Amino acid sequence: MELPPRLFTLLLMLLEWTRPGLPSPLRPICDLRVLKHFIEEARDAQAAMLTCKEGCGFPEPVTVPQTKVDFSVWERKNALEQAQEVQSGLWLLNQAIGSLRASVTNTALQSHIDNSLINIFRIGKVLRSLNIQECTPPAGGVPGGEETWRVSSASELLQVHVNFLRGKLQLLLSNAPVCH
C-alpha cells in the first residue's frame, strides 16, 4: 500500500513531534518526496490565486529571490554559500507571502497563503534536519550578492515560490552531504 504524499509528510512530522523522552537532534529527511509535497501545495496555491479576481493583490511590489540557476556558478559555490542563498530566498519568500497574507481579503485564498507560510517553516525544519545552518539576513534585508527582483501580483509571487522550490531548494536538498 502506498501512502499519498501529503499523508506521508504529515505522518513523518507527527512521529517526530510525538516521540517520548528528551528532545534529540532531528533525523535527516533525505526523501525528496517531502519536497515534492511542498511543491504540489505551492502549485495548488498558485492555481487558486489565478482564479482570484478581487482582493488578492499587493498595494506595492515585493522583493523575491531570483529563481534562475546558472549551474556553472552554482556548482562553484561551496555548500555553505548554497545554503545561505537558499535560506535568504526562503526568508524573502516568507516576507513576501506574509505581505500577501496581510493584503488579501479573499478568505478562500487565505488558507492557501497560510499553508504556504507553514510550509516555508517546515522546509526550515527539513534543512535543519540536514545540518544546514539557518541564515538570518541582516537588518537591511538580503545578504550582499543575492540576486532579487520585484513582483507586483500574487500570481507572480506564487510562481516564484514554485520555481524556487523546484530549482535552488531541490538542488540544495538533492546534494545535501548527510544524505549521501
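Each residue, glycine too, has its Cβ placed from N, Cα and C.
Looking up CYS52 in TrEMBL gives a disulphide bond whose other cysteine, out of CYS30, CYS56, is CYS56. Ranking the disulfide-bonded residues CYS30, CYS52, CYS56, CYS179 by C-beta neighbours within 10 Å puts CYS56 at the top. A distance of 35 Å separates the Cα atom of CYS56 (disulfide bond) from that of CYS30 (disulfide bond).
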